Structures are given as structure tokens and as C-alpha cells.
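Copied from Swiss-Prot, the annotated features are:
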BINDING   Asp81, Asp83, Asp85, Glu92  Ca(2+) 1 binding site
BINDING   Asp117, Asn119, Asp121, Glu128  Ca(2+) 2 binding site
BINDING   Asp242, Asn244, Asp246, Arg248, Glu253  Ca(2+) 5 binding site
BINDING   Asp278, Asp280, Asp282, Arg284, Glu289  Ca(2+) 6 binding site
COMPBIAS  22-39  compositional bias 'Basic and acidic residues'
DOMAIN    104-139  domain 'EF-hand 2'
REGION    22-42  region 'Disordered'
MOTIF     312-315  motif 'Prevents secretion from ER'
SIGNAL    1-19  signal peptide
Amino acid sequence: MEQWPLLFVVALCILQSSSKPMEKKDRVHHDAPLSNKDHDDEENFDYDHEAFLGQEEAKTFDQLTPEESKERLGKIVEKIDEDHDGFVTADEMKRWIKHAQRRWIYEDVDRQWQAHDLNSDSFVSWEEYKDATYGYILDEADPEDGFNYRQMMTRDERRFKMADQDGDLRANKEEFTAFLHPEEFDYMKDIVVLETMEDIDKNGDGLIDLNEYIGDMYSQNGDSSEPEWVKTEREQFTEFRDKNKDGRMDKDETRDWILPADYDHAEAEAKHLLYESDADKDGRLTKQEIVDKYDLFVGSQATDFGDALVRHDEF
């Protein structure tokens, strides 16, 4: 039975304890690129195809005729148009692109879902998750490596309640996804920051000082000489992380560190697709406008809708 995030936490700590002291831990969350292709529309639309469909779904472009491609693109457009008003806005396009890029996450959640929806009611309640993850462990003594399973359960419960937007103590598929992958959801960012601070803050003052910051990344293990990157991180803390120069990082400073305001690739791509396809320049797209530019969205030779559309229910 899969157990997340407990097994992940255990594995992470094992890796942490066995890591070489020269290795650096990175807690910063960056958005993955929409595509590894160059974004050069004068050359081809490969980047746009991968951004719109997801990289796995855009690998092959020789399976469908243009007519089939247009028909299936039309089905996707109906899903992008969330309010069913007949138009696709830039925000709807942005959300679709983010959804397509999260495909691997949703597949992971599907696997977890099978292990935790014990009564098959299409929800995972906190009790179901707790029983499946901690049921047999709580009766055992905590291991010598410092794990406290009751504390971990309390922390998971707090995260579960944060993900549970309607407060009914049971998660639908989207809420369960937010619980398992909080860094992917804006409304879960506070819990990501809080959990990070709790991990690093060893003296319990609710802040991260320089020693705690460095200690989380680097363990000296008797070696008197520090690698150069440790010196650089000390300078980063003093000059950039600690913005108010009080020698410690608070919640806002920690957020700026681990959740930097990266360039929003999905938003930029959504605006690009809208600009290129909006024939009447009204700031929104009709299904016909998108289908007319199907070569931009999915390719002129038929695309890997084999996956993206045959499996359209996942979207």
C-alpha cells in the first residue's frame, strides 16, 4: 500500500542522513518549463504543442488527419471553456496549460487515490487517510532516528484541513491533489512555507537564523573546511534573504526564498496563443478561432491526440 507523504518524508530523511556533507539541499520550488523546445514560431510550433498538450502528449504528430485533429481539438476547447459561455479567455487558457503540465501529478494522485478511498465513495476522508497511513504505526514505539509519528500525523491533518476547501473533512480529487502536492496550488503556499520553517527552525522561535539556514543545507561532520557554496549561501542569507537585516528570516522572507515569483510561463503562453488566434481581436477566443489555428495548437499533421483526446476524460 502506498503511503504519502509519510513514506516520502521517511525516505527523504534517510537520504538526508546518508548524504555526503558536500551535497547541497535545495528547498526552492521552481515551475517546470512548459517545453524543452525552443520557442521559435518562425521555425515550428513544437513549443506551443507541448505547452498546450503536455510534453508526453505532444511527442508524435503523424497519427491523425487534419480533419480528425480539428475535430478532437474542438473537444478539448469545450473543456477549456469552463463556464460554457462559448468563449475561451486568457485565464481559462492559462488554467488549461497548467493542468496539462500537471498530468504526471494527476497520474500520481490516481495511484494514491486507489490506496486511500477505502469505501469507494469518490472521496478520501481524513479518517480514511489516517487509517491507511498511520493506523498500524501509532501503536509502535517511535524509532531512534527522531521520528514522532503522532507529530507527523498532526502535521498531515493540518495540511489536509488546509486542502479541504469546503471543510467537510473529506477530499475530492482536486483537494487530495492539493494535499499531496501543495506547492502546485496557490491556496496551499502558506502551508508549504510553514512546514519548511518548522523543519529548519531548531530553537522553536518561529524564525530561521543564519545557523539554522546553513545547518539545513550543510552538515560539517567533522570537516573543518567549508565548501565554497556554503560561503556563498551565508552571503545570500545576509545580503538577500534577510531583507530587514534582523539576522533571521520570518514567514514572508522564507516565502520569497522558497517560492520565488518566477516568470509565469503558462500565463505568457496563454497570452501568446490568444494573440495569435484572436481573429476579431476581442480579447477572447471562440472554438472556431482556435480550430482555425489548429496548426499552432496541435500541429498541421495530426498530433498525439491519441493520448490527449482518447484519454480526454482525465482532462
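Glycine too: its Cβ is placed from the backbone N, Cα and C atoms.
When each of the binding-site residues Asp85, Glu92, Glu128, Glu253, Asp278 is scored by how many other Cβ atoms sit within 10 Å of its Cβ, Asp85 comes out lowest. Taking Cβ-Cβ distances under 8 Å and a sequence gap of 6 or more within the same chain, the neighbours of Asn244 (Ca(2+) 5 binding site) are Asp250, Glu253.
Residues Asp242, Asn244, Asp246, Arg248, Glu253 make up the record's Ca(2+) 5 site, and a Cβ search at 8 Å around their centroid adds Leu207, Arg241, Lys243, Lys245, Gly247, Met249, Asp250 from the same chain. The record gives Asp278, Asp280, Asp282, Arg284, Glu289 for Ca(2+) 6. Within 8 Å of the mean position of their Cβ atoms, the other Cβ atoms in that chain belong to Phe87, Leu274, Ser277, Ala279, Lys281, Gly283, Leu285, Thr286. Around Asp117 (Ca(2+) 2 binding site), the same-chain residues at least 6 positions away in sequence with a Cβ under 8 Å from its Cβ are Phe123, Val124, Glu128. For the pair Asp242 (Ca(2+) 5 binding site) and Glu92 (Ca(2+) 1 binding site), the Cα-Cα distance reads 37 Å. Across the motif 'Prevents secretion from ER' (312-315), the model assigns an average pLDDT of 46. It is 11 Å from the Cα atom of Asp81 (Ca(2+) 1 binding site) to that of Arg284 (Ca(2+) 6 binding site). Between Arg248 (Ca(2+) 5 binding site) and Glu92 (Ca(2+) 1 binding site), the C-alpha separation comes to 40 Å. DSSP assigns Arg248 (Ca(2+) 5 binding site) to a strand.
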